[in-house]
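K.L.:
Got a structure for you, questions after.
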């Protein structure tokens, strides 16, 4: 037998170091595999070096593309005569066409080669991420349809590029969403360098689209220009102008037609979804880039896949639903009062009061959850997981948006009048928001690094499955083994339905935080921006400076809430 032949070979130096009394390892059946690894270590080293070189080269490609696009966008902002918005659109259209060519080649060529996709990362592209891609892609397509309609109505003062660019954008969004939905879990094993470069080019393009979206707010400024022009006509002043807009903006006004108003309002309403779509695509593409050439061993594949169930939770969904309902009422009241010609001070008081009540509850829940994690005697999951590593980076990075805006607000309030009622509410809101973001990040990151909950009976079931060959060698009857596994499964179902208080508390807290983050995502996404509308920070820092701070911080804050929902769902499921 082959096993006997192998046993006659001279023992390796590793085997000599093991005591003779040590029990034989069951893994000795894989001698040939171990022999290959010992004698081909240089091949492995060359493979790792080639992987690092490919990642370095593709990273440099993305860095140069991002720097080039950033230079174009910055030039458009600071020197809008030499570099116009149309020039930026042309550059981005070229990049999108290149990305489309690579994606189509990957779909029709690379992924269909023999042995191209031998492994799939079970952690990459969870259903909530791919669902978010489809949701935001749908809204982004509708956004571009509204932009095409808006530009077509004002074609006499709009460039034709403003119609061509959204058309290319629609095709790019459709193709990219299809690609990410079907191939986000791929660990491609062929054409490594070309695939890495294609992924990094697509990531750089999405980053530039996000950067353009948060720095260029043309339609918003056009509407503000029209409103100020009407006001200043009554005062006998010159009309308002903005550096993003050309001199003929005043004549490029939306006519008093229903269809034009629908396109205009729809564009403004759907505008935040496009920024979220770009960021979500970047995160999924980055995980695919890390998985290029990755070989997943058996111990990396999860033996169980926990599913989302509402079993054993009551107070978390109840309190979270109450928070969502109250938040929707506060949001509607704020939208009605704050968007009027004369914003009501009461609307800001109610809005910030809601946050001041909700944020401490969320912080307390996160702290309690972190303490429960510390009390648990569970090992940390230390296996290599690119998806989890990216989740941690995104949580920490995206939180900087709202934390940064909060610190700017604190400085502005302390330097002016912190004793005023509204100012004190804004100050409390900023401090609580910083604390809540930090505590929630600690809770989520700690939960993501915990092993999934597995009752003792389930562990025994897994051990029996893993030692299946050993049972056969010992002559155990297969019928008896099946009966024993059936008993273990019934015991597992019974124990699962009776969660321990720690498990139940973690699930209650996670679900409550999920619903709270959903309402805190909905409110700024659909137009509640008191940080810009209350006028305090805008008057302290100036319009242009505060506009730039909000345009960078607010999309990151919205993305943080959405990404926190995904992380909290992972914590809930594994609990």
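Just so it is clear, glycine is given a Cβ too, placed from its N, Cα and C backbone atoms.
Grabbed the feature section from TrEMBL, which reads as follows:
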| type | residues | note |
| --- | --- | --- |
| COMPBIAS | 7-17 | compositional bias 'Basic residues' |
| REGION | 1-25 | region 'Disordered' |
| TRANSMEM | 56-82 | transmembrane segment |
| TRANSMEM | 88-108 | transmembrane segment |
| TRANSMEM | 128-151 | transmembrane segment |
| TRANSMEM | 163-181 | transmembrane segment |
| TRANSMEM | 193-213 | transmembrane segment |
| TRANSMEM | 268-289 | transmembrane segment |
| TRANSMEM | 310-336 | transmembrane segment |
| TRANSMEM | 348-372 | transmembrane segment |
| TRANSMEM | 392-415 | transmembrane segment |
| TRANSMEM | 421-444 | transmembrane segment |
| TRANSMEM | 509-528 | transmembrane segment |
| TRANSMEM | 540-560 | transmembrane segment |
K.L.:
Which residues of the same chain, at least 6 past either end of the transmembrane segment (310-336), have a Cβ under 8 Å from a Cβ in it?
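P.N.:
347-348, 350-351, 354, 358, 361, 496-497, 499, 503-504, 507-516, 518-520, 522-523, 526-528, 530.
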K.L.:
Verify whether three or more Cβ pairs under 8 angstroms connect the transmembrane segment (88-108) with the transmembrane segment (392-415), leaving out any pair fewer than 6 apart in sequence.
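P.N.:
These two segments do not touch.
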K.L.:
Are there residues at least 6 beyond the ends of the transmembrane segment (193-213) whose Cβ is under 8 Å from a Cβ of it, and what are they?
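P.N.:
Distal contacts: 54-55, 57-59, 61-63, 65-66, 69-70, 73, 88, 92, 95-96, 98-99, 102-103, 105-106, 110, 176, 271, 274-275, 278-279, 281-282, 285-286, 288-289, 292, 555.
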K.L.:
Under 8 Å between C-beta atoms and at least six residues away from its ends: which parts of the chain pack against the transmembrane segment (540-560)?
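P.N.:
Sequence-remote neighbours of the transmembrane segment (540-560) are 210, 213-215, 217, 272, 275-276, 279-280, 394-395, 397-402, 404-405, 408, 412, 415-416, 437, 521, 524-525, 529, 531-532.
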K.L.:
Does the transmembrane segment (509-528) reach the transmembrane segment (88-108), going by 3 or more CB pairs under 8 Å (6 or more apart in sequence)?
P.N.:
no
K.L.:
Output the single range from 56-82, 268-289, 348-372 maximising the number of Cβ pairs under 8 Å to the transmembrane segment (128-151).
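P.N.:
By the under-8 Å Cβ criterion, the transmembrane segment (128-151) pairs most with 268-289.
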K.L.:
How about long-range neighbours of the transmembrane segment (56-82): same chain, 6 or more residues beyond its ends, C-beta under 8 Å?
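P.N.:
Contacts with the transmembrane segment (56-82): 88, 91-92, 95, 193, 196-197, 199-201, 203-205, 207-208, 211-212, 215-216, 243-244, 289.
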K.L.:
Which sequence-distant residues neighbour the transmembrane segment (88-108)? Criterion: at least 6 residues beyond either end, Cβ under 8 Å.
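P.N.:
For the transmembrane segment (88-108), the sequence-distant neighbours (Cβ-Cβ under 8 Å, at least 6 residues beyond its ends) are 65, 68-69, 72-73, 76, 161-162, 164-165, 168-169, 171-172, 175-176, 178-179, 183, 195, 198, 201-202, 204-205, 208-209, 212.
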